[in-house]
Structures are given as C-alpha cells and as structure tokens.
C-alpha cells in the first residue's frame, strides 16, 4: 500500500463521525432508564425526609428554603432582596437565553469537545459549580440566625458577634465600579483581540457584560467575607 493511501486511511479514521442516532441517543435512553430504576428502588426503601408540621409558637431557626432555592437565600446575605431575588435570577435567565445568539464558534456543533469551546465551557461550568457551592454553604454551613459555621463546628446560639459592616464612600464606590467594568471590557479586547474580533462589537459587549456581572457577584461576596464591606455604592434607589 502506498504512503498516499495510508495517509488517506489515517485521515478518514480521524474524521470519521458517529451519528447521534442511534449511537448517542440509545446510550442516553438506557442511562435514563437505569437512573429511574435506581431512584425507584431507593425511594422504596428510604423514606422522604419529611419534617413535623410547622408550629407558630416555635419558629424554626434557621428557617431555610428548599435546597434548590438556598442559592438565592445565600445571595440575600450579600445583596438587597430585590437584587438577590429578582435581578440576579433575571440576569442568569437572560444569559442562558442569549447563548445561542452570541456563541458564533462553529466548532464543536453536534458533539462534546472542550478544546474547541474552552471559553464557553469554562464560563458555564464556573457559574454552574458556583451556584451549587452557594447551595452547599446554605445547607451545611448556615446555622441559627443564618450565622456561618464550618462543617466540623456544632450549631449553637453561643457564637462570636460578627464584626460591624462598613460601606464604601460613594465616590470610591463609583470609581471602583468604573475601574472594574472599564478594565473588564478593555483588557480582554486587547489581550484576546482575535476572540473579540470574531464575536463582533455587539456580541463582545453582551458577552463581557454578562461575564463581568457574574464575576461581580463573586467579588461582592469576597469583599463581604474578607473586608466586611456591606455596600460598594449606596443611593436612595438601590444599593450594590
């Protein structure tokens, strides 16, 4: 066999594709059936963790939302209620909705490939894991009066009084926000100019705005935990 023929065969093996139907769909269907069977067997032998009826004379402390809302309840520690309960979920929903319109990378369509979509996959997984970390913290590390306890610490009402919270002066808060969003929009456009050019002006600004807002939640949490900063900016209409 000639070298040219061998090269063609090797190239064919590299580019050989597997159809999603029936190969992928059949495996996913079998996996779904197995998971369903495991859940049915587990639920038959293990009772649901139902609790006693609510007693208005003895309110629960801490009063926790269902686990799937504990991420929002944890964010309430760091933001005003309307931001944590309305703005943040709205940004998450809008961000998920616009993904098909701002992701112009044709690579990886119809398959699972990390290296062809490093930025998109990394950002999505970061947000996904971050949200579940908030749920874990709210479930296992928040005790009476929503005080923070490490997993190895016992929940008790005798815990140190948390230090007083401070807020930045408005001029410093505005300056910090301008620096954060200004550098956050400009530096990636210069450092990764090919990526910015591929997205285009509108898509790039939408992508980076959503990314900076997501990272801003993490920054706000870090400022609260490390420096006891309650608000970066205070106005008569909203607080950040």
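Just so you know, glycine gets a Cβ as well, placed from its N, Cα and C.
Under the heading domain 'Cytochrome b/b6 C-terminal region profile', TrEMBL lists 5-138.
Annotation source TrEMBL lists transmembrane segment at 21-45 (among others).
Residues or ranges marked as transmembrane segment in TrEMBL: 75-99 (among others).
Residues 64, 67-68, 70-71, 73-75, 92, 99, 103, 105, 148-151, 195, 211, 214, 218 of the same chain lie 6 or more positions beyond the ends of the transmembrane segment (119-141) yet place their CB under 8 Å from a CB of it. Annotation source TrEMBL lists transmembrane segment at 119-141 (among others).
Within its own chain, the transmembrane segment (171-193) is flanked in space by residues 204-205, 208-209, 211-212, 215-216, 219, 231-234, 240, which lie at least six positions past its ends and keep a Cβ under 8 Å from the stretch. The feature transmembrane segment is assigned by TrEMBL to 171-193 (among others).
Residues annotated as transmembrane segment in TrEMBL: 205-227 (among others). Same-chain residues lying 6+ beyond the ends of the transmembrane segment (205-227) with a Cβ under 8 Å from its Cβ atoms: 75, 77-79, 88, 91, 94-95, 98, 102, 123, 126-127, 130, 165, 180-181, 184-185, 188, 199, 240.
Shown for the domain 'Cytochrome b/b6 C-terminal region profile' (5-138): DSSP residue counts in helix, strand and coil, namely 92 helix, 0 strand, 42 coil.
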